[in-house]
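Taken from TrEMBL, the feature compositional bias 'Polar residues' applies to 27-46. The region 'Disordered' annotation in TrEMBL covers 27-52. Summarising the annotation, TrEMBL assigns domain 'Amidase' to 76-524. Positions annotated as active site, charge relay system by TrEMBL: K127, S202. According to TrEMBL, the feature active site, acyl-ester intermediate maps to S226.
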Amino acid sequence: MLSTLQPPRCSLSRFTLHLPSKPSFFHSKQTPLSTPHSTLTDQLPTSNSSQPLQSQILSIRHSLLSRQITATQLADSYLNRLRALEHHLKSFLHVSETVRSDAREIDDKILRNEELGPLAGVLVAVKDNICTAGMPSTAGSRILDGYRPPFDATAVKKIKELGGIVIGKTNLDEFGMGSSTEASAFQVTANPWDLSRVPGGSSGGSASAVSARQCVVSLGSDTGGSVRQPASFCGVVGLKPTYGRVSRFGLMAYASSLDVIGCLSTTVADAGILLHAISGHDTLDATSSKREVSDFTSQISAVDSFESKPLKGLRIGLIRETLDKGVDGQVNSAIRAAASHLEELGCSINEVSLPSFSLGLPAYYILASSESSSNLARYDGVRYGNQATADELTGLYENSRATGFGSEVKMRILMGTYALSAGYYDAYYKRAQQVRTIIQKSFRAALDENDILISPAAPSAAYKIGEKVDDPLAMYAGDIMTVNVNLAGLPALVLPCGFVQDGSSNLPVGLQMIGAAFDEGKLLKVGHIFEQTLADCRFVPPLLADDIVG
């Protein structure tokens, strides 16, 4: 029991929320959200009360099959909202030109009474380091400016096969190297909760787009927290699967032993549906697992079916080191309040110590930088990447990389090359790998005693654009909560649990749940119950809630 838990800043009392017996998120009236150039209709699945939506994906499916709305109308609604907000947010690097034609194909199938895939009509945004056939895939880098892959990443291919529509490619820190999306070579994305703040990174565009309802769900990549930290900053759900659960084929490699493709959504149920869609073994990725993929949505149930203590008997460990000094006081309070809520739901909460936790950050940056220096060697203007002009081959290599890569990427390549160089390998890379083994063992021991571990997703809420751009060490320190999970290869779920006040801004805080390898189902079950029993916490940005765009 935790005697020091503080009361929540927003009500977390149990069972005050009840979902409608059937989805009813589409209406015929027009939304009074207006801009100088467009009017958005109220055909988007949105929440009109403090109740969290159980699943936008299931609601869309119901509305299409019952013919309350067409896929084309739905696509137009999202495209209108995307365009209306994009000037402010800059979430996307490219918007697909085939969205409406893809939607019409779904409408034609409905008219012919053909079977629809589980993602039919669902607008999915894809991080721009994940390959999409016929669409730009730049990884946020000038060296790949204009590159259009001839193939889809396996995760994208599966989404399309199930009826999903790729609405566009989202902004990111160049090659996934960053925590704020300020390291993109093309633009800086803003946080929908406060346009003067970062959305997190590197999947900042994907998180911002979901938060602003510019898409239904999105794909991101997570090498050291790049799905989970933006999810926390933007008040959405972020799911990092177990390493090997989802094929990495078509994901532009940053650090191959750490990279995973993850999911961002507004509800836990949607994250589970999307994960189920993209999971499974792939012969094109030798590191993908052959484990059977269970139906993650089987863990999702309606609020009115919950018992009085729906999580009774569940053992949850609160990682002590994640609430030490360096963590914002309001974040600390929000996480302890969330732990208190879990206790009310029947969990037993115990503080657990992971003494190796602080070692993860330096080990991660050595390993990730080392792997990136190897993976990015291919971008030389000859094998891959835009080619600069030069009089001889060495100069061509130098000029292509000098003009193509941004400063953050160059710095990490240099750090990685140094760590792998003769005379320094044992002192840096080898030692970091030894630390990684220690971290894996400490997580295994903690998860033997607990079903789930919890922590903040980030030590602070979203910070101002430009605040840390000149202090890379402060930027790196923001990854302290997430990198250990990647080093251990474990699954983790981040979902909004409360708010902090910073000046005039009310900013969301994310709770991170960490599970045993390939135990995403348990994370989704607990996360869904936690989410559905939150009261008086509506995680819709003021940009949308107040119907203000301009």
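Note that Cβ sites are derived from N, Cα and C of the backbone, with glycine treated the same way.
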Practice prompt. Measuring CB to CB from S202 (active site, charge relay system), give everything in the same chain under 8 Å that is also at least six residues away in sequence.
Written response: G140, L172, D173, G176, M177, G178, S179, T181, A183, G220, S221, T223, S226, P230
Worksheet entry | Those residues of the chain, 6+ apart, with a Cβ under 8 Å from that of K127 (active site, charge relay system) | K169, T170, L172, S203, G205, S206, S218, L219, G220, S221
Item to complete: Measure from the Cβ of S226 (active site, acyl-ester intermediate) and count the other Cβ atoms within 10 Å, all protein chains considered.
Response: 36
